[in-house]
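In what follows, a single structure is set out as structure tokens and then discussed.
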């Protein structure tokens, strides 16, 4: 794998709330990561302006708002995300088949024959969760089995891929095929701590398992030199 290919796999989690920080990180890292993730805190604080600033700095965007509501509401919200020109956006697989399918039909209808729509991802089981977490909400399945079940449901609904722990990537590949996108948080390079993630893997391990994109935040943001940290992660991926 080339360095350019490795860079494209990294999604920097822009976990900030100040608009000035958006421009800072976008300008600093736009040549060193493939995409920027805008989550709930930043989007609530700054709205679409955060997305536009990243785009102005030449960056691509994963709008990570994890929609989960009645089908029409999620479909319309996802359409608005798509109209912002983001590359990735997501919803919860636990919202069910109808919610996911309605969303994909709405996007395909509105983007038919024109600009390519963003890829839509379904959240499976959050990387901060484990089997005890699932039991607490009445789910008795082991985490890997639940992840695969949700991934297969998402694929059947027309969703482009999933967000899942790197530990489940190989299982998802077996169940859903090589063209189904897999985005993995819970990735920690050799120089970083696990923080609040429970199901983690190194960048090289996650890519080897078949991950298309790696979501990485604190190991880069908290480093003395964020650019050097990003470059080290690229080194790890290339070295395999």
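The backbone N, Cα and C atoms fix where each Cβ goes, glycine too.
Annotation source Swiss-Prot lists substrate binding site at 15, 37, 64-73, 127, 188, 197, 217-218, citing sequence analysis. As annotated by Swiss-Prot, active site, proton donor applies to 66.
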Around the Cβ of residue 127 (substrate binding site), the count of other Cβ atoms that are within 10 Å: 23
Helix, strand or coil at residue 71 (substrate binding site) [DSSP, three-state]: helix
Cβ packing number for residue 217 (substrate binding site), 10 Å threshold: 19
Cβ contacts of residue 66 (active site, proton donor) (under 8 Å, same chain, 6 or more positions away): 40, 90, 91, 92, 123
